[in-house]
Amino acid sequence: MMFAHIIVVFSVAALARGAAVSGGAKERMVHCERYYLPVCTRKYDPVCGSDGRSYSNECMLCLENMEQKVSTYVIKKGSC
């Protein structure tokens, strides 16, 4: 089971790196490999995702990417 999570995390990271980023310098890929998904801290450091949703921190955005099998990236720091 843990092996499957690792594969998913690395797949999402590879997709995120390969996705084209259009627009301003504030948009950026997320670095999900730095987190121990599915465990995220409770630190409140909001980010705005490319899906128009606010996440409490980058780890939570990565968790959503993993669970939903999407490649949402950060549009800006702070809430949307």
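Please read every residue number as a count from 1 along the shown chain.
Cβ atoms here come from the backbone N, Cα and C positions, even for glycine.
Annotated features, as they stand in TrEMBL:
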- 1-18: signal peptide (SIGNAL)
- 26-80: domain 'Kazal-like' (DOMAIN)
Item to complete: Restricting attention to the domain 'Kazal-like' (26-80), give the mean pLDDT.
Response: 94
Discussion item. Within the domain 'Kazal-like' (26-80), count helix residues (DSSP H, G, I), strand residues (E, B) and coil residues, in that order.
Written reply: 14 helix, 10 strand, 31 coil
